[in-house]
Amino acid sequence: MKVTLPDFRRAGVLVVGDVMLDRYWYGPTSRISPEAPVPVVKVDTIEERPGGAANVAMNIASLGAISRLVGLTGIDDAARALTSKLNEVQVRCDFVSVPTHPTITKLRVLSRNQQLIRLDFEEGFDGVDPQPIFERIQQALPQIGALVLSDYAKGALNSVQTMIQLARKAKVPVLIDPKGSDFERYRGATLLTPNLSEFEAVVGHCKNEEELVSRGMKLVADFELSALLVTRSEQGMTLLQPGKPPLHLPTQAQEVFDVTGAGDTVIGVLAAALAAGNSLEESCFLANAAAGVVVGKLGTSTVSPIELENAIRGRAETGFGVMDEQQLKKAVAQARQRGEKVVMTNGIFDILHAGHVSYLANARKLGDRLIVAVNSDASTKRLKGEKRPVNPLDQRMIVLGALEAVDWVVPFEEDTPQRLIADILPDLLVKGGDYKPDEIAGSAEVWAAGGEVKVLNFEDGVSTTNIIQSIKNGLG
């Protein structure tokens, strides 16, 4: 199937469901506790990421689509952290705050990329009045091309049938990531996306492909669905529709590091593609490609348009160009096996100008390969203000990747690339400007690993800020 990426900016999607905050505590472990036979983790890094329905909304926003999110939260620090994280990535939150319940939070403790324990903080939202959710759906329906209902059985979708009927009345497709074995409650939905174990919990164990298809088609008929997409892990996914032959899409995953949130990516990309005008078959193809990308990342993750474009064109393993962190680590390892010296620099690179090009060319001359780490849009706004960046992340990375001096381009979400630099550990870390070497983010980690840190001069009188001001003066 030949599929091109749609213009996701035309797509509006509303996600309704169980939102939660995923917390990750990372650190080394080198001893066993004297209190009990358990490892002691010295926590040195803490991350917070939106999870559940919130991760679906993030996946939609990461494609450039208009992403709206409705869910239930408490009135607490977790709710504030969740809202803040989502606002950073342009998700429009419209939460219903419930003062008697805490925001659902899941805490994972990890060491050496291994999850040691997960702690859940939740009470569920059973018994909460669904009317405020109905009202939010009704208000959003005229502005969206798809409704996603993300069910984690925490209470936000207890009245899911009413939500389905609201969408059907407005002729908006409703896509559901189901939970549990009672699919009757999803009757009349446009599409269900159960994984294989969820599917077999309803129809029984399928001995072969023929049984899976026949039982799936019966389920479609019994519950008046327009379609059913069964995600099957390493076996890919299968789309079933009345009157059409089954469509099987083999997995595109190269390596599997973590399946956390992969189902969220599937339904998020699928909904965004549908809302942008793709057919259901094309949308499933894109969702399958996105799943192959996201399982190669650690933790709850999203996929960018460039990663998706690379996946559908088979460029994810080419070894050069725009990459995610896992792909970059593999490329760097291969470069070192060839005895190549790896140089790394970073910046926003909002409006690429002659000063940038000269600086990057000089940085490249200091080694064999040049990595350029680029601030995300959210990071740029925090550093430069709400009117920046002028050019979105994907466009900035494409332009950088086209330069002869640049081998690899990788994005980062934080204000500084210190974590990324510590993970990659380049042979030479380069920064432009009037910094002192010990002021450069990541310098301590590079020195500790035996690497070098160097400061290069920028070309005088040329800057993105000056260019923007000149444009404003000209327009004025």
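Here the Cβ of each residue, glycine as well, is placed from N, Cα and C on the backbone.
Pulled from Swiss-Prot:
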- 1-318: region 'Ribokinase' (REGION)
- Asn195, Leu196, Ser197, Glu198: ATP binding site (BINDING)
- Asp264: active site (ACT_SITE)
- 344-476: region 'Cytidylyltransferase' (REGION)
Other C-beta atoms that fall within 10 angstroms of the C-beta of Leu196 (ATP binding site): 16
Where Asn195 (ATP binding site) sits in the secondary structure, as DSSP reduces it to three classes: strand
Residues flanking the ATP site, with Cβ no more than 8 Å from the Cβ centroid of Asn195, Leu196, Ser197, Glu198 and excluding those residues themselves: Pro194, Phe199, Glu200, Ala201, Val230, Thr231, Arg232
Between Glu198 (ATP binding site) and the residue listed as 'active site', the C-alpha gap once rounded to whole angstrom: 15
Among Glu198, Asp264 [recorded positions], residue with fewest other Cβ within 10 Å: Glu198
Residue pair Asp264 (active site), Ser197 (ATP binding site) - Cα distance, angstrom, rounded: 16
Other CB atoms within 10 A, centred on Asn195 (ATP binding site): 20
PLDDT averaged over every residue in the region 'Cytidylyltransferase' (344-476): 86
